[in-house]
Structures are given as C-alpha cells and as structure tokens.
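Novice: From Swiss-Prot, for reference:
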- 5-70: domain 'J' (DOMAIN)
- 144-226: zinc finger (ZN_FING)
- 157-164: repeat 'CXXCXGXG motif' (REPEAT)
- C157, C160, C214, C217: Zn(2+) 1 binding site (BINDING)
- 174-181: repeat 'CXXCXGXG motif' (REPEAT)
- C174, C177, C200, C203: Zn(2+) 2 binding site (BINDING)
- 200-207: repeat 'CXXCXGXG motif' (REPEAT)
- 214-221: repeat 'CXXCXGXG motif' (REPEAT)
Amino acid sequence: MAKRDYYEVLGLQKGASDDEIKRAFRKMAMKYHPDRNPGDKEAEENFKEVNEAYDVLKDPDKKAKYDQFGHAAFDGSGGFGGGGFGGFDAGGFDFSEMGGFGDIFESFFGGGFGGGSSRRRNAPQRGADLEYRLNITFEEAVFGCEKEISITRTENCETCHGTGAKAGTSPKTCPKCNGSGQIRVQRQTPLGSFVSTTTCDQCGGTGKVIEDPCPDCKGKGTVRKNRKITVKIPAGVDTGNIIPLRGQGEQGANNGPAGDLYIRVNVAPSKIFRREGSDIYYDYKISMAKAALGAEITVPTVDGNVKYKVPAGTQPGTKFRLKGKGVPHVNGGGRGNQYVHMVVEVPKHLNKEQEEALKAFMKASGESVDDIDEKDEGFFSKFKKKK
C-alpha cells in the first residue's frame, strides 16, 4: 500500500509552519493514542503513522528533503534511476547554485554541493528529549500527587547567554568562510573537475569564531546543570503511563528550543488491593457461619473503611460491588468500582461445642452424621488429629 502524504496524515497543507506542525501532531497523537483507544488496531496504526509523519516534518533537514522528493527521499532508492554518468565532464561547473540537488552529489564526493548542510549547522536546533522513570505508591497513583525529581541536563550558559563568548564580548564572523560556515574546494574526480563546498575547518561550520571564550562554559555556550523539577502526577495513572513536560529536556544548539522531558510512571503494588484498569479488587475472608446467616462487615477501601451488609446464604466466590470506590479515570469523568470477593473460610480445628453444633445442623438438614463418621475416618476426627 502506498504511503499517505505526511502533510495529509497531520491534516495540513504543504508548507505548514513548525508551530502548525507541532499543534497538528499533538492533536492527532491525542486522538489516536493507545490509552484512549484500547484494543483498537486501526487507531494504533494511525498513531504510528502520525508519529512517522511528525518525525520527518519536525526536522528541518528531513522536511526539506521530503518537500523536494517526497517519500522517495527516505525509501533507500531515492527514486532516481537511468544509467550511469558515462563520459560526463562537469567542466568546473559549480553545483552550489542547484540547491537541494547538490545534496545528492554530496554523498558521492564528500563535500556539500548545495550548501544546505552547513547553513543548517548555523540554525537553531531543537534539543534532545529526556526520560525519567518515576516510582510512586499505589495510593499516590489513585489520588494523584506532586513529586520533586532531580535531573541533569544541558542548559544555556547563564554567564554568556549561550553565545560562548566572555561577558562584554561577542563571537566574530569567521574570516576564512566570511560567516557562511563553509568553504569551496575544487576536486578532481573521474567525472571531471567539480567545485564543492565543505565545512569550514576554522569555525566548525558555525560561521563564528570566539576570540575570548566564556570562562564558565569554555566557549561551548552550554553547561551541564542539576535541576530539581516538581512533577504533578494526575489521579488515576498506572504503570507505563507517560507524562510529558514540554521544554524541560536538553537545551538546543545555537539557542534552539529545549527538548521535552518524559516521565515514565511505575506504580508499586498494594499489599491488600488488586487493580485492573480503573477497578479495585479486595478479598474479604468471612466465616462459614456469617456467610450462611448474613452479617454486617467492615470493608477497607482507598477512601477508608465502609460498612456492607452481606446477605444470608452468600456463596464462596461471590463478588459485591462498591460503586465509585475504584480508581479515578485518568482523563476525567468519574471513578471505577471496588469489587469485594468473598472468601468463605472453613474452620481447620473444631472444639467439642462446635463439633456438636455442626452435627446438630446436619441432622436438622436431614443429613446423616453416621454416614459422615464412617467415611474417611470421620469428618470431624480428621480435624482433631491435626491439633
């Protein structure tokens, strides 16, 4: 199946701005996110398609290539065929005026023909994303909480404000490349003589030189910092949920925007409750007599103890629902339920009075006590031997 146009995937027109692309991605990612569409294979595929489109369109380099060549820019074949160059003589032709077409020749001859790569080296670049694994308790996941975390990340140097130059000075235009970040080199190849561009070896492609570096960042413009960040955990999160903190990742190069910080949540299990989605399960041990006669019991919930009337004749394995006593739905809209699973306990040891009472119960029920005693050494005698 042919791939859909990446702009179409995000609901955009070709030439959309970076901000439009980012807004469209957030909207579509939220629409098709697996957490919102559990078990929906179509939504899962759409979510993957949206991420693939955004991965290309958010990157200036990839976006430029896609705008020019479409999917062929990334399918490995490049979409270009048609024989070799047999006998072609460039005759000193300068490919630097051919824009993106020069990028194709760059892979063959090592330099840049279009100059695009070096110019992009000067441009602000988005910083890398970070991930932090956060452990929280069962109760914190149910009700939400605030957690302070400590991370180490790259930030702009506060002394030089990201310029890399000592306070009171500023970077100078590179005298070798005149600020372009690239120099032209004539190369002799089997195809003839070519004029190509390559990264300036004096400024490293930035177009600037720092004569008096900042003493704090040593001319880099960035420093590593330890930061404490307060993370607000919404009620209802579960293990594997990810909380994005926009702009809290690594600082981008050349004063570019910072990346994002992703908090991956891990919830510790409860000692008494089990969780399935937004519902909570609790095993309540009840005596055989109370299950038969009915009783009012006290049941623990995440909100505190509640009273519940167990009806007479409750059977082992019966589940009772406590409506609204489960986990809040993480996207809002109420809470799940708590289910109380009745575990009827049969006594392992009986005293004489209990034994007689049960025998009396059997007789009242029309059952023969003699039949029980004669089988398997007697029902009650086995309990006595265990004492």
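The backbone N, Cα and C atoms fix where each Cβ goes, and this holds for glycine too.
The shown structure was predicted, so the numbers you read here are calculated from the model rather than taken from an experiment.
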Novice: Same chain only, please: residues at least 6 beyond the ends of the repeat 'CXXCXGXG motif' (157-164) with a C-beta under 8 Å from a C-beta of the stretch. Say none if there are none.
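Specialist: Sequence-remote neighbours of the repeat 'CXXCXGXG motif' (157-164) are 170-171, 210, 213-217, 219-223, 251, 255.
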Novice: Please work out the number of neighbouring Cβ atoms within 10 Å of the Cβ of C174 (Zn(2+) 2 binding site), leaving out its own Cβ.
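Specialist: So the Cβ neighbour count for C174 (Zn(2+) 2 binding site) comes to 20.
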Novice: Note down the number of other Cβ atoms within 10 Å of the Cβ of C177 (Zn(2+) 2 binding site), including every protein chain shown.
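Specialist: Cβ-Cβ neighbours of C177 (Zn(2+) 2 binding site) within 10 Å number 23.
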Novice: Within the same chain, where does the repeat 'CXXCXGXG motif' (214-221) have neighbours whose Cβ lies under 8 angstroms from its own Cβ atoms, ignoring anything closer than 6 residues to its ends? I mean 6 or more beyond.
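Specialist: Hits for the repeat 'CXXCXGXG motif' (214-221): 156-160, 162-167, 254-255.
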Novice: Can you list the residues of the same chain, besides C174, C177, C200, C203, whose Cβ falls within 8 Å of the Zn(2+) 2 site's Cβ centroid?
Specialist: P175, K176, N178, G179, S180, G181, Q182, I183, D201, Q202, G204, G205, T206, G207, K208, V209
Novice: State the mean pLDDT for the repeat 'CXXCXGXG motif' (214-221).
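Specialist: Summing pLDDT over the repeat 'CXXCXGXG motif' (214-221) and dividing by its length gives 91.
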Novice: Once the chains shown are all counted, how many other Cβ atoms turn up within 10 Å of the Cβ of C217 (Zn(2+) 1 binding site)?
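Specialist: Cβ-Cβ neighbours of C217 (Zn(2+) 1 binding site) within 10 Å number 21.
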Novice: Could you say which of the binding-site residues C160, C200, C214 has its Cβ with the most other Cβ atoms inside 10 Å?
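Specialist: That would be C160, with the most Cβ atoms nearby.
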